[in-house]
Every structure is written in C-alpha cells, then in structure tokens.
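Summarising the annotation, Swiss-Prot assigns repeat 'Solcar 1' to 1-80. Swiss-Prot lists 3-23, 49-69, 98-116, 190-210, 217-237, 273-293 with the feature transmembrane segment. Residues or ranges marked as repeat 'Solcar 2' by Swiss-Prot: 93-206. Annotation source Swiss-Prot lists repeat 'Solcar 3' at 215-302.
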Amino acid sequence: MDFVAGAIGGVCGVAVGYPLDTVKVRIQTEPKYTGIWHCVRDTYHRERVWGFYRGLSLPVCTVSLVSSVSFGTYRHCLAHICRLRYGNPDAKPTKADITLSGCASGLVRVFLTSPTEVAKVRLQTQTQAQKQQRRLSASGPLAVPPMCPVPPACPEPKYRGPLHCLATVAREEGLCGLYKGSSALVLRDGHSFATYFLSYAVLCEWLSPAGHSRPDVPGVLVAGGCAGVLAWAVATPMDVIKSRLQADGQGQRRYRGLLHCMVTSVREEGPRVLFKGLVLNCCRAFPVNMVVFVAYEAVLRLARGLLT
C-alpha cells in the first residue's frame, strides 16, 4: 500500500505545485517577465486558469511513478532495517534508520528521474535559445525590414516534445546522454531525501498530541510542508549544477564534469549561483508536500481501516 499511497500523494502534489512550476519555467525562459507576480498576472490574463496547467499529462504519469517508488522504497527499506536490527519490522526506528532509508529512497529515484530531467531541461533551454535567436535575427545587421514580404528565417526547434527529445538524445548521445548529470542528481537526491523523511518523522513526533503516536491533519500539513522546504534548501546547490550539466548537450560542451561545472559557475557568477531558484522552490515545496503527505497518510489510514 505504500507504493499506491505514494503514487496518489505524488499526483495530488503535482496538481498543487504545477502552476508554480509553470511560473518558474516562464520566468527562466521569457525575459519579458519582471517577477513572479508579473508572470502570474500575465498568464491568467492571457490564458486563464488552464494556462498554469499546460503540459500536465506527462508530469502526472512520471511523478506518480517516481513518488510511488520513493515512498515504497523508503517504507520497505525501513522495515528491513528494523527487522535486521530489532527483530521486528514494526519496531520504532532510530533517526539513523530513517536517514539511511530516506537516502536509499533518493538514490533509487535517480534511475527513473534522470531521463525526464534531461528532457525537461533541454526543452526549457531550447525555448530560451530560440527566443534569443529571434531577437538577434530581428535586430542584427542582416535583419529583414518590417515591410518585407519574406519573413526572416527562424531555426526549427531541435526537440518537438518530451518523447521526441528523449529519442533524439538517445540516438545522438547514446543511453549515457539520458543520464547526463546523474552524478549531481545522486548527490542532490541522496541527502535531500534523507533530510526530507527525517525532518518529517521528527516533526510528526513533536506535533503528535499527548498519548497519540501520529499527529492530526494540521500536524501532518505542517510537518509535510516544512519537510519539503528543508529538503529543497539542501538540494538546490546540486540542482543548479545538475541542470547546467544536463543543458550542456552535444557539440561544443562547456563543462567537463560535475566539479568543473561547480568551480566554473562559482568563479564566474559567485557563490550565490548555487542558490538560484531557492526562494521559488521553497515557496512551491511547502504547499506541494503538505498535500503529498496528507494524501499519503489518508490512503494508508483508509487501507488499514479496510483491512481491519
């Protein structure tokens, strides 16, 4: 049931967090936006509510699978550790047990998330590159006058969508191309998911009413939201490096590896570059993980009620 509960929680989290993800992507790829609220107002004015949910179908499928694997792996790993150490899978785990299980959960995710992360980053950076190319074509020395009947040539997009992007990367760069930046992804998800599950467990223990082993719904909301924020706080530096490595595609590559990317980025842009997107990620993480954990706990309680 942990796999099913994790999948349902993941889908609910996507439904809540996808609008902010859309805003984040548009801010990163469209220079016309001066800030978060400017992007929100413009998107709603032009496209209404559905504009915030464009392209939702693929993330729902992938996130539900990844969330299912994450929660399922965490619970099964924790049960095995408790069985080996205490002789009972339902024994109360220590913080070290929770940390180790959370880390294992994060590492297992990498195999599933790396290809989709590569496709997402390539498509986002492709959009930005196309916009820059259009501006150069319109303002350069060879720009076509406004009244010219023949429009300036605009490069065709290399990737036509997520699946086409995955197929193209696999064909041109091999299967290793689909796992580009996976070293940074391992470092990001390993310790961030250890933080995620440990902070959730500790906060649940603090917020549980006297005489109860689990918190009530408000307690789960607070614990889940705070766990998400703390996880993203420690994940953001490696998330920046991961994105830069994955965007560094075929041809003239800028980075030779994880360490070179980190050193080059910090030298050119300062240490603050490692925390780009931190505020928006944390703002999104709180409501998303509130919903994820409430849905997860609700499904588990429902299952226990049906089985007893």
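Yeah, the Cβs are placed from backbone N, Cα and C, and that goes for glycine too.
Values in this document were obtained by computation on a predicted structure and should not be read as measured data.
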With DSSP as the yardstick, break the repeat 'Solcar 3' (215-302) down into helix, strand and coil residue counts. 73 helix, 0 strand, 15 coil
Overall pLDDT for the repeat 'Solcar 1' (1-80), taken as the rounded mean: 74
For the transmembrane segment (190-210), distant same-chain residues with Cβ under 8 A (at least six beyond the ends): 70, 74, 95, 98-103, 105-107, 109, 216, 219-220, 222-224, 226-228, 230-232, 234-235, 238, 293
